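Take a look at the structure set out below.
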Amino acid sequence: MCFNGSVSLIRKLLPPRAGEPCLLVLGLDNAGKSSLTGSLADKLGDGNVTASMEVTEVRLKIKSTKLQMFDLNGRLKNRQLWANYYKNVRGLIFVIDSKDAARLSEARCVLCDVLLDERLRNVPLLIVANKQDALGAMSSRLMVDLMGLSRLEGREWIILECSVTTGSGIQGIIGWISKNIRK
Ligand SMILES: Nc1nc2c(ncn2[C@@H]2O[C@H](COP(=O)(O)OP(=O)(O)OP(=O)(O)O)[C@@H](O)[C@H]2O)c(=O)[nH]1
Ligand SMILES: [Mg+2]
């Protein structure tokens, strides 16, 4: 009997555990979510990683605080699973590929849709303008303009530039996480 398949199916639909701060990493496919998650796991992880095609869970420790981080796959067919993880969320990290201007409006629509969910109403948002090392990458300022982000109201939000490939901007992301899990 093959038991593993069923266990992982149940596991990936489980919501975050209550009591421990939880961070979600969302964004379109190819934005760099798993790359960012891997980099954070290298720096802050306790070595526990649970991965499937749809979700990767890493457990991080910042000073004495433990937290769970869920990196959810961004392919269209998998986005319907995201809402299973909206409970007990302390921070939302939305990753965007800064060199992919053609998909910026799709990223905007997906982000707006996520932010409409009641369970995420007051959750602080970090938008990561990733792939800043790439030729033609848009600046975060341009992305704020093109996505109309200045109209985003009712929650704390920030956009930070980053390149997971070179490591630039990662410390700023860690700073944002530290600040928001302490709340
Ligand atoms: N140039 C550049 N490429 C990057 C950077 N971050 C990630 N990538 C590349 O972008 C591609 C997609 O990265 P992933 O981390 O798999 O993207 P994802 O958001 O997890 O995608 P899904 O799991 O399909 O939702 C890979 O080829 C990465 O190597 C970056 O900072 N700069
Ligand atoms: Mg991924």
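Heads up, the Cβ atoms here are built off N, Cα and C, so glycines get one too.
Straight from TrEMBL, the features:
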type	residues	note
BINDING	Gly27, Leu28, Asp29, Asn30, Ala31, Gly32, Lys33, Ser34, Gly74, Asn130, Lys131, Gln132, Asp133	GTP binding site
BINDING	Ser34, Ser52	Mg(2+) binding site
Cα separation, Ser34 (Mg(2+) binding site) to Gly74 (GTP binding site) (Å, whole number): 10
Among Asp29, Lys33, Ser34, Ser52, Gly74, the binding-site residues whose C-beta sits under 6 Å from ligand 2: Lys33, Ser34
Farthest-apart CA atoms of Gly27, Leu28, Asp29, Asn30, Ala31, Gly32, Lys33, Ser34, Gly74, Asn130, Lys131, Gln132, Asp133, residues recorded for GTP, distance in Å: 22
Most crowded position, judged by CB atoms within 10 A, among Ser34, Ser52 as binding-site residues: Ser34
Cβ-based isolation winner (fewest other Cβ atoms within 10 Å) among the binding-site residues Gly27, Gly74: Gly74
For Gly27 (GTP binding site): DSSP state (helix, strand, coil): coil
Three-state secondary structure, which DSSP defines for Lys33 (GTP binding site): helix
Three-state secondary structure, Lys131 (GTP binding site) (per DSSP): coil
Fewest Cβ neighbours within 10 Å, where candidates are the binding-site residues Asp29, Lys131: Asp29
